[in-house]
Amino acid sequence: MNAPTLESPPSAVGAARLLDGRALALQVRARVAAEVAERIAHGGQAPGLAVVLVGEDPASQVYVRHKIKACEEAGIRSYSHRLDAQASEEALLELIDRLNRDPQVDGILVQLPLPAQINVQRVLARIRPGKDVDGFHAENLGRLAAGFPALRPCTPKGCMRLLDSAQIDCRGKLAVVVGASNIVGRPMALELLSAEATVLIAHKQTRDLPALVRQADILVVATGVPGLIRGEWIKPGAVVIDVGINRLGDGSLTGDVCFQEARERAAWITPVPGGVGPMTIACLLENTLEAAQNAVFIPV
Ligand code: GUN
């Protein structure tokens, strides 16, 4: 049986198919682990990822823990660096300089957000582009914008992997990205453009968001506003990718899209949790391996 396409939305009510990030992430992670093992078997060194956390933001602590655990499982060495919430920008820049020089470190990840006294742009600009496994350095973002090979931001890359896994062809489709952050929305729009979609980016100043969303063949939402997107806004047969991970008062996680409503109309939809989140980590491992494979020793 052929996979449903955008032109053939599911006929049954509530029949949206799940874009299962948990399952796909396991496949990606298994492939990375196999390539790491092969690299080591051929006398290479295990890739190394330095993870830098400044302060005690609880959500960041959880994300960092997951990233470090995923590294261990893939055979990637991780180096955890903690700075306290009052750390100066200078101290963080010195640490990055040290990691840039360290031949054991192939990738550097500075968990965001950073405390207010630290200028995030100066910090990201200091990471050597070849070690920038988050793909946030202007050189990598510029390469992505120009369609050149680059270390690509992990969440948008993970979203593209999910689309590929379901053989969803973006060419000529109208893609609407809701949210214009540097971490997700902007690079996501660039990814979709590279895949030859027609791309619209909605943000806080956008007028009549429902009208825009109603046109979307492919909808990607990354706002951090739980339940912002209502099911009745979804174009029947659309593909819905929900990047939001919001914790509710009862401790449960929910996305930026009203899932139960949206699945009645969409052809494909990501669950929260278990959709985009696991793919972000899988792509971080992939990027770390890629950085190690491309590593050249440049004294700085
Ligand atoms: N904070 C939220 N998402 C991310 C991410 O993908 N990378 C980093 N470094 N910080 C984040």
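Every residue, even glycine, has its Cβ placed from backbone N, Cα and C.
Here is what TrEMBL records for this protein:
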DOMAIN    19-134  domain 'Tetrahydrofolate dehydrogenase/cyclohydrolase catalytic'
DOMAIN    153-294  domain 'Tetrahydrofolate dehydrogenase/cyclohydrolase NAD(P)-binding'
BINDING   Gly179, Ala180, Ser181, Ile245  NADP(+) binding site
Number of helical, extended and coil residues in the domain 'Tetrahydrofolate dehydrogenase/cyclohydrolase catalytic' (19-134), per DSSP: 61 helix, 18 strand, 37 coil
Residues that sit under 8 angstroms from Ser181 (NADP(+) binding site) by C-beta distance, when 6+ apart in the chain: Ala222
Protein Cβ atoms within 10 Å of Ile245 (NADP(+) binding site), excluding its own: 20
Helix, strand and coil counts within the domain 'Tetrahydrofolate dehydrogenase/cyclohydrolase NAD(P)-binding' (153-294) (DSSP): 52 helix, 26 strand, 64 coil
